[in-house]
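Annotated features, as they stand in Swiss-Prot:
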- 1-16: compositional bias 'Low complexity' (COMPBIAS)
- 5: N6-(beta-hydroxybutyryl)lysine (MOD_RES)
- 5: N6,N6,N6-trimethyllysine (MOD_RES)
- 6: 5-glutamyl dopamine (MOD_RES)
- 7: phosphothreonine (MOD_RES)
- 10: N6-lactoyllysine (MOD_RES)
- 10: N6-crotonyllysine (MOD_RES)
- 19: N6-(beta-hydroxybutyryl)lysine (MOD_RES)
- 19: N6-acetyllysine (MOD_RES)
- 24: N6-(beta-hydroxybutyryl)lysine (MOD_RES)
- 28: N6-crotonyllysine (MOD_RES)
- 38: N6-methyllysine (MOD_RES)
- 57: N6-glutaryllysine (MOD_RES)
- 1-43: region 'Disordered' (REGION)
């Protein structure tokens, strides 16, 4: 058994004796952080790029089906209270909506890059819509609804 350093002190009834100090060799082997391993961290942007590649490869819908369905029904309720939808119709609406949004965000990103930025801003989206001929400032059906 390896020898350890001991300190001389008077033992009292209310104090428990302390553990012996570690030897020099044991102290050298122990890491300064106490042996706790830090979790691996990727460089900023690495995970974002991985996520972009993942979603560009996939063909699945990006929006959840039930929240989208509730939104469609809520908007339709404001127009006509007794509308009913087939599930295929809501699926087609979701496909078209997601295709529109993805294309809009691509155009918005191009507008931000044109302005020598990497962060998209509302003005980029307004410019993208204006260039498409949709009109950024025009009130839409969604803009008139109190959602």
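Backbone N, Cα and C atoms are what each Cβ position is placed from, and that goes for glycine too.
Secondary structure from DSSP puts residue 57 (N6-glutaryllysine) in a helix. The two recorded residues, residue 6 (5-glutamyl dopamine) and residue 38 (N6-methyllysine), show a Cα separation of 33 Å.
In the shown protein chains, 7 other C-beta atoms lie within 10 A of the C-beta of residue 57 (N6-glutaryllysine). Cβ contacts within 10 Å of residue 38 (N6-methyllysine), excluding its own Cβ and spanning all protein chains shown: 6.
The Cβ neighbour count for residue 7 (phosphothreonine), using a 10 Å radius over every protein chain in view, is 7.
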